[in-house]
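J.: Questions regarding the structure given below will be posed in turn.
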């Protein structure tokens, strides 16, 4: 893909909802790089993964939150937002870049698969748009994103200038606070959540359950996103949506099925 | 993983909901192979992808639908069902096999990423359980699954006997009707949905949108799941949840960031 010569069109999405401070910071960071259009959920959609809305209809409305920024809210999921943006706003003329976030909370390692922020970026890539998801190691509503902004701009500019390899996108995570040592290109750490369910009783004596969990990383590799973040670096993981485990095909071909 | 010598424990999940004919057929197919426990959503959860329920609590109750089968319904997503099963029922002693489906509708190609059925199987694999998702090329409630059952048993038995390579699972799709030619091990076809949104007006004059779309396959490879299904074969794709695009790491390391 060649360097952009006209002012690029940039689609901004997230999963924390259109009023989240994270998306406001992301808009600030990229609006100098191109024409920004924002399509974001009308409320929090964290943990929605790659969900789409197929059993019920969606609302989709223009809103006026930040001066000079074209913005739309959607009752659907983060992935729905990307689909609506491509179909109803850009109408087949794809944006030059899709950025998602900045998420309140990390999306490193296996979290890429649960994250609405990352799934929106994955959907951008499926649509053929160079796409990046950004996340910060701070779940707080009042999280400080200021130290992320120069990295967001620099990485977005690189992607606008160079494009991305076909069918890949970037998963970018920021450590909390200042003192970032630089950017590391990483692989996804092989870690997982150990779930616990907090069982409570409703006022009528019936049980209900809150999902909680502990993040368990047994991957000691120094080339992982977990390592980079633990050591003060911005982690950048190239992500793909071909889920085929190509290496397993020869083994499966050696199996004998009773068919 | 070695051959099972005691009777294996089999977790059965789906995304069409606990009363779907597809899961009833799946239970029938695998109950001869081991002790079956069913945990399924209390209603349809198609297209939920890898969503988890984190903003609200869940209900989780034992139900008695089919004689002699231990069954639970859950108000959460297909992925929640797997997490609840592992944590609340198996309590750390993992099942020997997790099977998901049989889905009413194909989950070949890129559909693996939108599908609740496949995401439940992916979650099983993340939990370290050998896992398989099954889907049939028929969306109808009254779909005929009878021709699938011997393949379900055969593939499940192979996985019980041989295990699966670490961090992989199987995505199995069936053509509609009889006359299946056999099983083909495949890669995920490089196809996507071209979305269209059906815009309507509610009784108050406000617009709402239904997601619709057309499946577009430009991948002519004869090693794909789309090709196999089109030619009367059962497609079996090994799937992984490490989304790292490892091949893109050297290129990204050549970029210069303004950091």
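Quick reminder: no glycine exception, Cβ is built from N, Cα and C everywhere.
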J.: Name the residue, out of A:103, A:108, A:111, A:162, that TrEMBL lists for the same divalent metal cation site as A:15, A:16, A:46, please.
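T.: As annotated by TrEMBL, A:15, A:16, A:46 share the divalent metal cation site with A:103, chosen from A:103, A:108, A:111, A:162.
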J.: Should residue A:103 (divalent metal cation binding site) be counted as helix, strand, or coil on the basis of DSSP?
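T.: Reduced to three states, the DSSP call for residue A:103 (divalent metal cation binding site) is strand.
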J.: May I ask you to pick out the binding-site residues among A:15, A:16, A:46 with a CB closer than 8 angstroms to chain B's CB atoms, ordered by sequence, or 'none' if no residue qualifies?
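T.: From A:15, A:16, A:46, the ones near chain B are A:46.
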J.: Compute the centroid of the Cβ atoms of A:15, A:16, A:46, A:103, then list the same-chain residues not in that set whose Cβ lies within 8 Å of it, in sequence order, for the divalent metal cation site.
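T.: The answer, listed by sequence position, is A:14, A:17, A:20, A:22, A:44, A:45, A:78, A:101, A:104, A:105, A:115, A:116, A:117.
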J.: Count the other Cβ atoms sitting within 10 Å of the Cβ of residue A:15 (divalent metal cation binding site), across every protein chain shown.
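T.: Taking all protein chains shown, residue A:15 (divalent metal cation binding site) has 33 Cβ neighbours within 10 Å.
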J.: Grab the pLDDT values for the domain 'Survival protein SurE-like phosphatase/nucleotidase' (A:10-194) and give me their mean, rounded.
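T.: Its mean pLDDT is 96.
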J.: For residue A:103 (divalent metal cation binding site), what residues in its own chain, 6 or more apart in sequence, show a Cβ-Cβ distance under 8 Å?
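T.: Listed in sequence order: A:14, A:15, A:16, A:22, A:46, A:115, A:117, A:133, A:134, A:135, A:136.
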